[in-house]
Amino acid sequence: MAIMPNTPNAVAEPMMIAVLGAAGRMGSTVCDAIESAGDLVLGPRLDVGDDVATLADSGAAVAVDFTVPSATEANVHALIDAGLHAVVGTTGWTEESLGRVRTHLADDGRGLGVLIAPNFALSAVLAMRFAAQAARYFESAEVIELHHPNKVDAPSGTAVHTARAIAAVRAQAGLAAGPDATETTLDGARGAVVDGVHVHAVRLRGLVAHEEVLFGNPGEQLTIRTDSFERSSFMPGVLLAVRAVAEHPGLTVGLDGYLDLG
Ligand SMILES: NC(=O)C1=CN([C@@H]2O[C@H](COP(=O)(O)OP(=O)(O)OC[C@H]3O[C@@H](n4cnc5c(N)ncnc54)[C@H](O)[C@@H]3O)[C@@H](O)[C@H]2O)C=CC1
Ligand SMILES: O=C(O)C1=N[C@H](C(=O)O)C[C@H](O)C1
């Protein structure tokens with residue numbers, strides 16, 4: 001008897017996933033996670049110099065990109081052209097580059113999904129959400145991100161995303177700029193400023209990925225902290241995204257877009 005698709009007895013084909021940046025710290029961890037997942041099969045592993053267009057005929061339905069900020073946008077456009085859904089963890093995205101991906105997806109018209117998420121760790125996703133919830137209630141807000149010293153960019157994508165969200169909530173609530181009478185004697189002493197929110201970057205041997213969001217009022221402080229001690233912390237989020245991206249046509253920014261966080 002033939003087993004028809006979508007019947008209780010049907011055996012689903014494992015979905016094939018390509019990985020870009022497969023030789024890197026995150027890419028290699030993603031390859032291992034896909035190989036350990038029963039419902040997924042690891043497809044082509046691409047790294048620097050490989051042609052994304054070859055994925056069109058590879059059988060891969062989804063590609064995961066953990067490459068470098070200077071390459072990721074071109075990779076995503078090439079993935080859309082090749083007809084693959086994309087799950088992207090690489091940092092460096094701006095409103096302009098996100099807008100170009102949105103336009104490309106709309107022009108393409110095939111209903112492809114792209115998720116670009118600054119952080120796939122649940123603790124970080126929740127920290128960003130809690131920071132946005134707290135932002136309207138405090139005079140002062142600053143972000144400190146702490147990472148391994150091999151990280152190529154600063155400030156982290158997570159810190160930029162956190163700061164932008166805090167700034168948007170503060171603006172909506174009509175809050176003035178945070179109080180700060182400092183006259184700096186050295187450039188950079190107060191960190192970078194993202195939409196008016198100060199962001200500080202620490203690089204320290206032994207760290208993986210960490211962030212503190214500090215909120216201050218007269219006589220009180222709220223600290224929200226997230227720690228990724230191992231890259232395994234990002235894998236449940238990456239696998240969730242890989243499985244869900246085809247159900248979310250268009251561009252989604254942030255894993256919270258795929259979660260029911262209320
Ligand atoms: N969203 C998230 O949860 C996380 C995001 N990241 C981000 O992921 C990115 C990668 O981080 P790591 O794996 O630590 O870096 P890495 O330097 O270990 O790996 C990057 C890899 O990309 C490759 N690569 C460079 N250009 C490429 C291209 N054009 N096509 C294909 N491969 C290319 C490199 O050869 C390297 O193997 C960074 O932007 C980092 O901030 C890192 C951890 C978690
Ligand atoms: O490079 C890293 O390691 C990380 N990059 C992402 C970022 O820049 O926010 C996510 C996480 O912080 C780890």
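Heads up, the Cβ atoms here are built off N, Cα and C, so glycines get one too.
Feature annotation from TrEMBL assigns active site, proton donor/acceptor to His147. All protein chains included, His147 (active site, proton donor/acceptor) registers 22 other Cβ atoms within 10 Å of its own Cβ.
In the three-state DSSP scheme, Lys151 (active site, proton donor) is classed as coil. What TrEMBL lists as active site, proton donor is Lys151.
DSSP assigns Ala23 (NAD(+) binding site) to coil in the three-state reduction, placing it in neither a helix nor a strand. The Cβ of Ala23 (NAD(+) binding site) lies under 8 Å from the Cβ of Arg45, Asp47, Val48, each of which sits 6+ residues away along the same chain. Look at TrEMBL and you will find Gly21, Ala22, Ala23, Gly24, Arg25, Met26, Gly89, Thr90, Thr91, Ala117, Pro118, Asn119, Phe120 tagged as NAD(+) binding site.
Taken from TrEMBL, the feature (S)-2,3,4,5-tetrahydrodipicolinate binding site applies to His148, Gly157, Thr158. Look at Gly157 ((S)-2,3,4,5-tetrahydrodipicolinate binding site): DSSP puts it in a helix.
Annotation comment: TrEMBL describes 15-120 as domain 'Dihydrodipicolinate reductase N-terminal'.
Annotation comment: TrEMBL describes 124-255 as domain 'Dihydrodipicolinate reductase C-terminal'.
Highlighted in sequence order, Thr91, Pro118, Asn119, Glu145, His147, Lys151, Asp153, Ser156, Ala159, Ala209, Glu211 have their Cβ within 8 Å of the centre of the Cβ atoms of His148, Gly157, Thr158, the residues recorded for (S)-2,3,4,5-tetrahydrodipicolinate, and are not part of that set.
Rounded to a whole number, the distance between the Cα atoms of Thr158 ((S)-2,3,4,5-tetrahydrodipicolinate binding site) and Pro118 (NAD(+) binding site) is 5 Å. In this structure, the binding-site residues that sit close to ligand 2, with a C-beta under 6 angstroms from any of its atoms, are Thr91, Thr158, chosen from Gly21, Ala23, Arg25, Thr91, Thr158.
A distance of 5 Å separates the Cα atom of Thr91 (NAD(+) binding site) from that of Gly157 ((S)-2,3,4,5-tetrahydrodipicolinate binding site). Of all the Cβ atoms in the protein chains shown, 23 others lie within 10 Å of the Cβ of Pro118 (NAD(+) binding site).
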